[in-house]
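Novice: Okay, here's the structure, questions in a sec.
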Amino acid sequence: MIYGVGVKNKLVNLNSKISSFSVDAGTSYLRTGGPSFKSWVHRWLFSTNHKDIGTLYFIFSIWAGLMGTAFSVIIRMELAMPGKMLDDGQLYNLVVTAHGLVMIFFLVMPMMIGGFGNWLIPLMLKMPDMAFPRMNNLSFWLLPVSMLLLLGSAYVDGGAGTGWTVYPPLSSIGFHSGCAVDYVIFSLHVGGVSSILASINFVITTSLMRTGVMLILRSSMLAWCLGVTGFLLIVAMPVLAGGLTMLLSDRHFNTTFFDPMGLGDPILFIHLFWFFGHPEVYILILPAFGIISHVVKAGSSKLELFGKVPMLHAVTSIGFLGFIVWGHHMFTVGMNVDSRAYFSTVTFIIAIPTGVKVFSWIATLAGGYIKNWPMMYWAGGFLFLFTLGGLTGIILASASLDVVLHDTYYVVAHFHYVLSMGAVFAMFAGFHFWYPLLTGVGMNPLWSKSQFFSMFLGVNSTFFPQHFLGMSGMPRRVQDYPDTMHGFNMFSSWGSTLSLVSLFLFLFILWESMLSKRCLIFPMVRCSESEWGARGFPRKFHNESQNPYGMSFEGKNFRRWGVLKPYKAKGH
Amino acid sequence: MFFSVGRTGYQSLQHSAWPFEISLGVVGLASSIVMLLHGNMGIWVPMWYDEVSGMVIMFYFSIFILMHSIISWWMDMVFEGTFMGDYTSFERLNIRWGFKLFVLSEIFFFFFFFWAWFYSGIGEISVKFVGKWPPVGVKAIYPWRVPFLNLLLLVSSGMFSQASKWAVSCHSKELDTKKSGHYKFAALLSMMVSILLGLLFLWVQSEEYYWCSYTIADGVFGSSFYMLTGFHGMHVMVGLGFLLVCWFRLLWSHFSFRRSFLGLQNAIYYWHFVDVVWIFLFIFVYGWPHKLLTGVWLWTY
């Protein structure tokens, strides 16, 4: 990117955003004759603008990510030395639970779907806004409620020390008799409603709000990935809601879904939870795939992604296969050996479309002019480390090996490789790529690259030793461990400290970019990145006031359509 | 709410307070329910006659806030659709498919309750050469009396609602005012019959709940049975409310112009979904414990 020299207040004055918005940013300024409390409330609490809502999601998720990181540092501090640091085992379990729930539901999902999705999908599809702008706002505002309920649960009645999987009977009334688990249940319910509404919005936007010539296989990768993610959410979230409702009724309304004394079965909960849980982890990673596709394409200076249509089909098949593999989280509950064989097989099959994607990304990089931008470092890190994490996933997919490795640190290492180095690296890559689009200023590239290296060292030091810990049998969610495992645990804790410091560096870089205001002059991306095709960044409040008009040549046919032809069925 | 349809054909919505208010209502509702489940937590509000439970006040207040915001939102949608004419064909396509996706999520909500039913019914603990389904001591309801009546009620209610949709469609296209008025009357009548049949269903079902020999606390059979039928009943209530609102909108000629009756259509999709869930309930929850259709092939006793 080419940036202007940072002049104090002339080239881009972030404060002048307000005056340049005075006609745009909602009619509230017109009504109040200038910025006022009422116009602030109208703009930020009552918003129906996809950019503002995306910004809210970003702020919320960054805050939540810092909180989740804090929880993870507490965990690593506890595990740095043998013996107990925290007096209370329940508190440790609570920190583990909170770390998982916060990172999944309040960092990754809001940032990818709400942040990147809301900002970019209407820009990529050249549409005025999302399909349901008001519902978009509702999806956002339900998230602080959900987080409030979750954090509140930590302060009452000892907190919910159940792990993010909330299995009964530990989470039943007998063993967690206070209101903490009830708060967690409601928090997940509210978060689930937020996600379902947001995903309805995304599926409708990406599938129905496209120009006539933008056939569905011509959608941009991020739009497609978010559409599939939305579909996964619509189908899988209600299952979690149902399971949590059953848990709530078991706790308070004398039902016995999970209580053997009434012919119930705790394993039913495990089935229901992982029927949601496995699509959930694909929901976490599919938007990352979309982001990486864009970053890799732009960073290799290519006009198009290698094999885009197979990539789209790969995303769809990963989404579909994700529904039929949930049993690989339950290999040790006493399942039939034939069922275990089936789940192993189908889990192995998911590696195939994933491999198609990884090879296509590498092929996109091949022969291109690789830009020396921070986002490419993150994308390269993603490609390498996500593949490593996927390989450990293949090990775990084998039921025989999983019986030994289940609930050990090997599993922890696997999912942190794919999440903390897959999803999070993709988020960083996307953030570095699109930050000038969102704000019009640039982050210092040299410092960003050094932050990448320190984060890379940090997370790898944290999670690589955990493979060895898992293979030597260290179980998950334990507060203390045998002295022989001290070495790797200590190394892992040093790594987490390094990651924390890298995060501080990132916050500094973010702050400095706002301070120095090096404005963006030319986004040096090729013309096939439609979200960059505008004059002036940050983008204006409203998008274009007319629909795009597209033309395409398809062999002998020449199509020339505007927006989807009006639906002509009867009476609609 | 001016500039409400852009030249793009999609709505250009102005600021709306309802999402924020809903989130406030939700937080109040969730916290008050949790605290009520744990015995009010000792929060008593003094009144002139006695002390009132603080959490009950918060619960009702949150319900009020939620109802206010949700109904205001839907009112805004009605205004946008009718008086302001915001709903172009693009927007209607979005709303129709968005509602279908919502119904899909509801289908999966029920799907997993059925999963729990089957898991308990043919699973290891209850049956596999060990137990019986329904469990010993539970007298399953004979399906061909009350449940079958409920089935007929709901299916006919669905048919009448479909009839009213056809009538509305003709009404909105008919140019002759007299015939158009006849269609509107027919639509109102069939919709009212549909609503009454639905109300009858609710009444019959509540009677059955009253006289049923087992409760929700009677093991996993009772739990699953009441969860399934109870959530179904809640969805019937919501669907009836939707149909009732549509009836009044029909009366006030909201569906008489622009050849658009989106709200009615969505209500009827929802009603058909509720109907189909009842059919599944009838077959698997009432019928199967009585070996209605299956007997052997599901490996029951």
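Yeah, the Cβs are placed from backbone N, Cα and C, and that goes for glycine too.
Keep in mind that this is a model prediction, so the values were computed, not measured.
As listed in TrEMBL for this protein:
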TRANSMEM  A:53-75  transmembrane segment
TRANSMEM  A:95-117  transmembrane segment
TRANSMEM  A:138-156  transmembrane segment
TRANSMEM  A:183-209  transmembrane segment
TRANSMEM  A:221-248  transmembrane segment
TRANSMEM  A:268-293  transmembrane segment
TRANSMEM  A:305-329  transmembrane segment
TRANSMEM  A:341-363  transmembrane segment
TRANSMEM  A:375-397  transmembrane segment
TRANSMEM  A:417-438  transmembrane segment
TRANSMEM  A:450-471  transmembrane segment
TRANSMEM  A:491-511  transmembrane segment
Novice: Is the transmembrane segment (A:221-248) close to the transmembrane segment (A:305-329), in the sense of at least 3 CB pairs under 8 angstroms with a sequence gap of 6 or more?
Specialist: yes
Novice: Give me the stretch from A:95-117, A:183-209, A:268-293, A:341-363, A:491-511 with the greatest number of Cβ pairs under 8 Å to the transmembrane segment (A:53-75).
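Specialist: Comparing A:95-117, A:183-209, A:268-293, A:341-363, A:491-511: A:95-117 has the most Cβ pairs near the transmembrane segment (A:53-75).
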Novice: For the transmembrane segment (A:417-438) and the transmembrane segment (A:138-156), does the number of C-beta pairs under 8 Å, pairs 6 or more apart in sequence, reach 3 or more?
Specialist: no
Novice: Please identify the stretch among A:95-117, A:138-156, A:183-209, A:268-293, A:450-471 with the greatest number of Cβ pairs below 8 Å relative to the transmembrane segment (A:375-397).
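Specialist: Answer is A:450-471, with the largest number of Cβ pairs below 8 Å.
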Novice: Out of A:95-117, A:268-293, A:491-511, which stretch has the largest tally of CB pairs under 8 angstroms to the transmembrane segment (A:450-471)?
Specialist: A:491-511
